[in-house]
Amino acid sequence: MDTIIHNSTRNNTPPHINDTCNMTGPLFAIRTTEAVLNTFIIFVGGPLNAIVLITQLLTNRVLGYSTPTIYMTNLYSTNFLTLTVLPFIVLSNQWLLPAGVASCKFLSVIYYSSCTVGFATVALIAADRYRVLHKRTYARQSYRSTYMILLLTWLAGLIFSVPAAVYTTVVMHHDANDTNNTNGHATCVLYFVAEEVHTVLLSWKVLLTMVWGAAPVIMMTWFYAFFYSTVQRTSQKQRSRTLTFVSVLLISFVALQTPYVSLMIFNSYATTAWPMQCEHLTLRRTIGTLARVVPHLHCLINPILYALLGHDFLQRMRQCFRGQLLDRRAFLRSQQNQRATAETNLAAGNNSQSVATSLDTNSKNYNQHAKRSVSFNFPSGTWKGGQKTASNDTSTKIPHRLSQSHHNLSGV
């Protein structure tokens with residue numbers, strides 16, 4: 001939403017503003033670009049999040065829930081909710097959607113709470129991967145605690161959106177020559193009077209910078225840095241696959257968040273340092289317009305990074321399109337039959353290889369007229385003297401937890 005700073009006093013009636021500050025060429029170009037980008041995000045990201053969310057819900061219903069899949073489902077839900085209210089905000093910013101005060105406040109609550117929970121969920125996913133790898137023994141977190149964390153996250157998101165709802169209202173815009181305020185258009189905006197700029201507005205911008213910008217970057221970088229260092233100690237095959245995934249995930253997030261945090265910090269500075277003149281008010285609107293696009297871009301790339309990059313999730317999506325995930329019993333029966341067939345083929349292949357090896361060994365023994373003893377070679381770190389060595393404990397636990405982390409990061 002646009003943020004309007006008006007050099008007047010606050011009253012209970014809808015404010016009327018005569019736009020004496022003409023829109024500059026750069027501001028018009030940036031606002032037009034914002035509208036085009038938001039339209040693209042709505043028409044591409046909306047269906048994409050809907051498909052991913054439906055696939056994840058059906059997969060959870062068929063295969064069961066886990067802590068990562070619960071977080072993934074919440075992430076797709078918040079992104080879809082944000083993109084659901086975004087068209088109304090875009091139309092309002094373009095002066096194409098008249099609305100009342102109550103509907104504007106409702107849209108503000110949904111928008112700011114869903115964006116807040118979306119950023120928090122991304123940080124929670126990173127924290128959960130750190131928890132899995134950091135613990136010596138992998139202990140699954142109970143579903144009750146997971147749901148409690150998400151409940152508290154949504155509660156915090158709603159509390160965070162309260163200031164936005166309080167200061168969201170309908171503003172009637174009029175031309176500078178319309179002294180009687182007869183012709184105009186209404187928009188949903190965050191409305192602040194001049195005396196609230198250095199107190200309420202500054203506090204809101206600083207809070208937004210911390211919650212939407214700095215905190216997710218710090219948590220993602222910290223937790224995935226530990227994840228990255230742990231992956232390097234595993235086997236080469238597991239390392240190359242997971243390192244690529246984590247690198248793409250982290251680089252994409254930081255590439256979007258770094259300019260966003262910089263813009264928000266500069267916007268907070270401009271709020272307090274710049275005077276209330278047309279030139280500076282226009283620059284503030286330009287900076288705010290640039291910063292507004294970043295949360296919407298996250299809603300577009302999150303399903304791509306967390307779902308579509310995973311081979312397992314793509315397989316589930318194909319099964320969803322074929323209708324295989326609609327019947328849980330039929331799907332589980334089909335999976336069981338496939339596993340049984342695979343095990344039968346594997347056993348048959350092993351038996352054939354064993355017979356061939358036995359015949360070849362007997363032939364060599366017959367030709368060489370020599371007896372060969374059978375030795376049982378234990379791999380390093382196996383049972384010795386009735387006890388298992390520590391090297392096996394280290395070599396099995398970390399790859400096992402890493403495998404769980406990689407599949408859980410893929411959203412399945």
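Glycine residues also receive a Cβ, built from the backbone N, Cα and C atoms like all the rest.
Swiss-Prot marks one residue of Asn180, Asn350, Asn408 as N-linked glycosylation site, namely Asn180. In Swiss-Prot, Cys104 is paired through a disulphide bond with Cys188, chosen from Cys21, Cys188, Cys278.
Per Swiss-Prot, the residue annotated N-linked glycosylation site among Asn177, Asn392 is Asn177. Just one residue in Asn11, Asn22 has N-linked glycosylation site written against it in Swiss-Prot, and it is Asn22. Membrane topology of Leu202 relative to His280, as recorded in Swiss-Prot: same side.
The stretches the transmembrane segment (103-129) and the transmembrane segment (30-54) do not meet in space: the count of Cβ pairs below 8 angstroms, excluding pairs fewer than 6 apart in sequence, stays at fewer than three. Within the same chain, residues at least six positions away from Cys104 (disulfide bond) with a Cβ under 8 Å of its Cβ are Ser92, Thr168, Thr169, Val170, Cys188. Remark: secondary structure over the topological domain 'Virion surface' (268-281) totals 10 helix, 0 strand, 4 coil, with classes taken from DSSP. Residue counts of the topological domain 'Virion surface' (96-102) by helix, strand and coil are 2 helix, 0 strand, 5 coil (DSSP-based).
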